[in-house]
C-alpha cells in the first residue's frame, strides 16, 4: 500500500529546500546566513532601532552560533497552502496563538439550575423564559465590568471589554426556542444532527452559561480570576434581575452556586510546586482540549483531520506555552510543536495508518480490544514512518531532532491504534510501543530523558490509580509522569480525540465544554485551528483585549 500512495509531504519538502526530497548530497554555508530570512532582516532593523532608543544593545544575530549555515526553513502549515517563517509560529509573534489561550483562560461554564431552585424554593420567585432573558440582558451589561446594584461604582470602558459576554445553552429544545437568539448557543444549528442528539441527551433539561470575562482581565490577573470575576457579576445580576434584597441569606446561596456548586473550570488547580490556580494551562485535561477544539462538528467525516487539529492545538498550547515558557522559560520548544502541524508530515503518516486500519479491520473502531491490535497497528505505522525518514533525507532534516521524529511516528501510531480500537488507552499503548520500537531501531530517540514517560508509561496505561494511571481523557500536563517531557502532551490529546471520533462520539469528555466552544462570537475559529495559526503567522488575525483606546493620542 505504501508504494501506491502519494506522499503528502513531498511538495512541502521540495519548496522548503529547493531541491529534490530524495537527494542525498547538498551544500552548506552558501545560502546567505541569516539574510536568507526576511523575518530575520526585519528583526535586525528593529534591533538597531530598539538599541538606539533605549541605549542598551538589542537583537543581533551575529552574536553566538552563526545562523543560516543551512536553509532557514519556511514551514507549510498543514491543511493550508500557507508557507510561513518559523519565527512567526512562536506564540509571542502570533496573535492567533495568543487568542487561542486567552479564549480558554477567560471562559468558565456556570449552571443556572441551582440558582433557579434557590429563586423558586427559597425566595418564592417565578423563573420563566422571560425572566431568564431579562437576567441575560442584565448579566451581559455587568460581565464586562459594569455596575447594576450599587451606585458610585467605577466601571470598565466597553470599548476595552467588548469581548466579554454571556451565552446559554440547554438540551431542552422548547426552552431553547424561548431564549433570545443573541444569548443562545443553538446545539441544533451548530452541530450535525447525530451529534446534536447525543449532546442534548447528555445535557437534558439543564441550562448552562458560557461566560467570557474580558481578555484584558485574564491577562492582567490569571486564570483563577475567571470564576471569581464571573461569580461577582452573576451574583449582582441575579440580585438586580430578580429584585432581591442584597443582604438576605439567599445571597450566600447564589454566591456558592456561582463560585462552586455548578462551575466547570477548564483547568484544574495545580500542586504547590507548580503554583497555579484553576483555569491555568497546566490543569487543562486532554479530554477538555479535545472538546474545546471544534473540528469534529465540521470535519467529522475526516477523522484524521479532526484528530490532528487537536494534536496541533495541544502541541502549541502544551509544548510552546506551558512547557516552553511556564515551565522552562525557553524558546526552542516551538520546533517540537511545529513538527506536528507543518509540512503535512504527521498527516501523511496518520492517513497511512487510517487506511491500513480500514483495510485490515473493515472500518474504524472495529478491531478487537487486545494487545494483538496494538502490536499490529503501532508496528505497521511506526515502520512506515521510519522508512520515510530513511527514504527522504530532506524529511530527516525537516525533523532535525530525534525527539521530533519520535513524537511524530508515535503520534501517527497512537492515533491509528485509537482509530482501530475506538479506545484512547489502546491509543496510548500504541504510542508507547512506537517509542520502544523506534529506540530499538535507532538506539536513541532524542535528548536525554525524552522517553522517560514512554518507558514507564506502558506499565500504567491500564492502571487507574491516582498518581499512576488515569483514563487518557482525564490526564493532562498535571499528570505526574507528564510533568516536563516535551513532544508528548499535544499528541496525547489527539489520541483521545482519535478514539472518540472513530466511535462517532459528539464529545470526548464533557458535553458542556464541547457546546460552550461552539460559539461564533469567539474571535478564534475553533473549527480550524491550523488555519488560524497560519493567519496569525501572516499577521492577518484580529485579536481581542487590545489597549489602543487608552494609549496616548497619536501613538
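A Cβ is built for glycine as well, from the same backbone N, Cα and C atoms used for every other residue.
Per Swiss-Prot, the features are:
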type	residues	note
BINDING	150	coenzyme F430 binding site
BINDING	228, 259, 260, 273	coenzyme B binding site
BINDING	336, 448	coenzyme M binding site
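Annotated features, which come from Swiss-Prot, shown on the structure.
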residue : record                     : contacts (Cβ under 8 Å, 6+ apart)
150     : coenzyme F430 binding site : none
228     : coenzyme B binding site    : 259
260     : coenzyme B binding site    : none
273     : coenzyme B binding site    : none
336     : coenzyme M binding site    : 315, 319, 401, 403, 404, 407, 486, 487
448     : coenzyme M binding site    : none
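When Cβ atoms from all protein chains are considered, those within 10 Å of residue 259 (coenzyme B binding site) total 18, not counting its own. According to DSSP, the residue listed as 'coenzyme F430 binding site' sits in a coil region rather than a helix or strand.
Taken over all pairs of the listed coenzyme B-binding residues (228, 259, 260, 273), the Cα spread reaches a maximum of 25 Å, rounded to the nearest whole number. Look at residue 336 (coenzyme M binding site): DSSP puts it in a helix.
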